[in-house]
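Here the structure is laid out as structure tokens; the discussion comes afterwards.
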Amino acid sequence: MSENSIRLTQYSHGAGCGCKISPKVLETILHSEQAKFVDPNLLVGNETRDDAAVYDLGNGTSVISTTDFFMPIVDNPFDFGRIAATNAISDIFAMGGKPIMAIAILGWPINKLSPEIAREVTEGGRYACRQAGIALAGGHSIDATEPIFGLAVTGIVPTERVKKNSTAQAGCKLFLTKPLGIGVLTTAEKKSLLKPEHQGLATEVMCRMNIAGASFANIEGVKAMTDVTGFGLLGHLSEMCQGAGVQARVDYDAIPKLPGVEEYIKLGAVPGGTERNFASYGHLMGEMPREVRDLLCDPQTSGGLLLAVMPEAENEVKATAAEFGIELTAIGELVPARGGRAMVEIR
């Protein structure tokens, strides 16, 4: 079988960040007193569900450490590697940092898929690393039943510029740097529903590097930042609200969306991860139509950055975004928490 005819998505039961373990199950796995390692230099662990761990070196600089890997979300091997690497590196940018090196994580069904295809995957990962200005310095591989690829990435950040979920504040405006609908469009493609004019749109968005995060972190009024991935906008926004003790009001019409996404939702192109996300976070939402819920819970792979920005910094944030070719519009705001009200209200 040639590399051009291979369909990687047929060799896995999940796709991209949609194959994450559900938040409910993950909570059970992580719920342990022994998981609460006490080290005053560990600035960010897993308590607030942030994108990466952060360790203070004591000299004004902190180290960021993260890992991310998944099964194919596209059929093209090079694109799969590039997307997986871009997604992993994004965690460093979401914490306000600069990546400095990466190592690869590869699981490969050697009796089903040739090593030449695995090489294409790793070349895609290496390409993304070059885009981020870092080396793919090594890695580890295993014989697996399904193809898996990703990175463990190390970065650095000025300690005072670390961006965490828990540092969001009431009064902040919310901005999203990429459109939603990646899970929907990739599912539509698998179901042969995707229109010719929408071919390649999701791949282009997934390959777009969140490199602007390091520049956003230098803006005083950017209070919190996270990337929107497998738990969808609802999940990652809810975790920001829970960490900071605030609530969110979101303007649905202002949310950037991939072309055709609402039509594909009506046609049933909804990934399985959407239901898992709703089962974990749905109780935090107000009432809304099913199609709105399906978009907000849509698992994103290599999604955009979600920023919480004080109003006085809005113009500076938009100007910085424009330098990276990003057009920003506020999608909502954070407000003080009040009992009896949904954590995330959709208007």
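Quick reminder: no glycine exception, Cβ is built from N, Cα and C everywhere.
Annotated features in Swiss-Prot:
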- C17: active site (ACT_SITE)
- K20, T48, R49, D50, D68, D91, G139, H140, S141: ATP binding site (BINDING)
- K20: site 'Important for catalytic activity' (SITE)
- D51, D91, D227: Mg(2+) binding site (BINDING)
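Taking only the Cα positions, the spacing between D51 (Mg(2+) binding site) and S141 (ATP binding site) is 24 angstrom.
Counting in whole angstrom, S141 (ATP binding site) lies 22 from D91 (Mg(2+) binding site) by their C-alpha atoms.
Counting only same-chain residues six or more apart in sequence, the Cβ atoms lying under 8 angstroms from the Cβ of R49 (ATP binding site) belong to N165, E239, Q242, G243. Annotated pair D91 (Mg(2+) binding site) and D68 (ATP binding site), C-alpha to C-alpha distance, rounded: 9 Å. DSSP assigns D51 (Mg(2+) binding site) to coil in the three-state reduction, placing it in neither a helix nor a strand. Residues D51, D91, D227 make up the record's Mg(2+) site, and a Cβ search at 8 Å around their centroid adds D50, A52, T66, D68, S90, I92, F93, A94, M95, T226, T229 from the same chain. You'll find the Cα of D68 (ATP binding site) roughly 13 Å from the Cα of D227 (Mg(2+) binding site). Annotated pair G139 (ATP binding site) and D227 (Mg(2+) binding site), C-alpha to C-alpha distance, rounded: 24 Å. Annotation for D227 (Mg(2+) binding site): spatial neighbours D51, S90, D91, F93, A94, N210, G213, H236, G303, G304, L305, L306, criterion Cβ-Cβ under 8 Å with sequence separation of six or more.
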